[in-house]
Number of protein chains: 2
Amino acid sequence: MNYFSSDFKLGILGGGQLGKMLLFDTRKFDIQTYVLDPSDEAPCKIACNQFFKGDLMDFETVYNFGKKVDVLTFEIELVNLEALLKLEEEGVKVFPSPKTLKLIQNKGIQKDFYIQHAIPTANYKRFENLKSLIVDILDSKTKLPFVWKCTEFGYDGNGVKVIRQISDLDNLANVECIAEEMVPFKNELAVIVCRNPSGEIKTYPVVEMEFHPEANQVEYVICPARIDDKVAEKARAIALNVSEKFNHVGLLAVEMFQTEDDEILVNEVAPRPHNSGHYSIEASYTSQFENHLRAILNLPLGNTDSKVAGIMVNLSGEEGYSGDVVYQNIEKILGWNGVTPHIYGKKQTRPFRKMGHVTIINQDINEARRIAEDVKNTIRVISGQ
Amino acid sequence: MNYFSSDFKLGILGGGQLGKMLLFDTRKFDIQTYVLDPSDEAPCKIACNQFFKGDLMDFETVYNFGKKVDVLTFEIELVNLEALLKLEEEGVKVFPSPKTLKLIQNKGIQKDFYIQHAIPTANYKRFENLKSLIVDILDSKTKLPFVWKCTEFGYDGNGVKVIRQISDLDNLANVECIAEEMVPFKNELAVIVCRNPSGEIKTYPVVEMEFHPEANQVEYVICPARIDDKVAEKARAIALNVSEKFNHVGLLAVEMFQTEDDEILVNEVAPRPHNSGHYSIEASYTSQFENHLRAILNLPLGNTDSKVAGIMVNLSGEEGYSGDVVYQNIEKILGWNGVTPHIYGKKQTRPFRKMGHVTIINQDINEARRIAEDVKNTIRVISGQ
């Protein structure tokens, strides 16, 4: 198949920042892209070859879009699965496969999959709705505290809550959910796996999510994770196993806990380029986006090693500011060694809205960490006057 | 000035591959871009915010385009200089400055500038036209052999010819030209300088152009150049001096000869991102394109150091093939460590047409050189059936 400067068409469902970063590589290889997104202001709107506006959850819209392209991929899991299944049946190549996506879209099914395949994961119990969970607690079958997770449509911390007393369940949606045992962990880790249809498979180094000590929010994604080599090897081996068991094609980001006694438990997976791999644009021989593209086109995978240490800081809208975005002090951080801001292109900021990220690279990971802290304390995502 | 996700507009004259690679960085920073190019199939047509079709040498076209933007730059020197001068007079920021461009566009004036500023360069003599050069030879004032260069509109080897006998001048255009002394040299080197309006200035490492031993064509651009540190320091110092003397803003690629006795002679300069800096996308902390953008917006310059060794191989259309391009064996080279093809997006190949380049990066420059040779011997730019 000739992908380069040819009539071949890659379809991408979703036109947000992940798609935008993927388009850097489709442009580099001059691969034609069609993008479908519900918003006229999608960051992908320019730099794709054709933009289509439409609902990603609507069967007809996704199906009709899929019929226009040769290979279909997605940058967001919340897409119409039935349309993908039908397209695959009719011979459109859909990667990751909708069969895999089906196993991942619902966290209850995903957890069951881990158990079926002897993949270590925290204990859990599935519930059809919130009411049946409450009954289970009242019957003393589910013990407090635990982590409540809705099984579908959760993202970025939405749909996850620590439950220490029954009243913590107030105001949660009465939807399908799981109750997961709280695992005391030392580190939250992630490994990105890429795999092509021929079965070639590679893992990126283990990254570490460093949390703010009080706010309990991820502040830095650090590559490589500052953990023992043996623990890192174990994490990579488990991630490889997860990808193979899912028979996954494309990128699979595997989020994991490192427990107090150095066990690795799989938390959840995302079948696409992932926030924990953004550092790879600057730090890796091959970025996660290029490797996603290589994988879904069944091209050889690129080297996943790092050239230098990389740390990522998210840029989110500051509380108290809404409106036309201003990146205060961005000129200042541009003056520091190895600092690259990525601005996703959303014109309006809102509290906590993901507006961009900053990558800090350095030969010395401690120096990178020091600069990353300065970056975090300096740049502000606010609104103009 | 707020450049990021704002109403600010950067204008780019020329929509070829250099502009295309610059757009990766304007997209990364979400800076709005307008592009002017004569071709409807310009590689920049997508990924800029607005594309304008028009003649870069036409005063009205360039002037009207310039009035729409806040800062104007170019990716090709062959643009209407009068329009740029008028725009600058009227308050549009034009970088590099048309005053600098005027000194560079004509190779005779450029050479005179070096002499005026005591910048080492090969001896030369200027002629109004070919006829007066021939008279000078017949009068035994200009000695054979020498290098003939037309002073304007030459590019990529066009407009340069080694003259060993008078008949070598047959068929050359009767235009303004220079006759330059042939300097026996060990190496052809280049240094890219970037400088912002505040006067912050940085050089990239010295790169080496490795020539095919028989064909006398550049085969590899190698960074860092495999030369003595003292020679490298001298080359960087001279390049800095050239940039400062031109009072240049943006990138300036300074091409130089390293003579048999390790003198450095400036050959010529290009006031824009340059083929000799393409390796920087993968190998440097900050690519030449990002640093051009930072410079013309008067932002702090990024680190010009390399993360790893980088080698570039040009992809040109193979002789005997014209038509829809096919990159034969590209799948093969993608399987090798640290290999990144850049496909410029020209649908049609022609003999010697610049269609793309391949970067090879590695911790070990010798290993990179070995892989680069395999790349060169494997990928073919041909046309389909």
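Using N, Cα and C of the backbone, Cβ positions are placed for all residues, glycine too.
In TrEMBL, annotation is done automatically, which means it is predicted and not curated.
Computed from a predicted structure; not experimentally measured.
Matching A:Lys86, A:Lys131, A:Lys149, A:Lys245 to the ATP binding residues that TrEMBL gives (A:Lys107, A:Glu180, A:Glu181, A:Met182, A:Val183, A:Glu188, A:Asn267, A:Glu268) identifies A:Lys149. If you take the C-beta of A:Glu268 (ATP binding site) and look for same-chain residues 6 or more apart in sequence within under 8 angstroms, you find A:Lys107, A:Gln110, A:Glu255. Taken residue by residue with DSSP, A:Lys107 (ATP binding site) is part of a helix.
The maximal spread of the ATP binding site, taken as the longest Cα to Cα distance among A:Lys107, A:Lys149, A:Glu180, A:Glu181, A:Met182, A:Val183, A:Glu188, A:Asn267, A:Glu268, is 18 Å. Per-residue pLDDT, averaged over the domain 'ATP-grasp' (A:111-297), rounds to 94.
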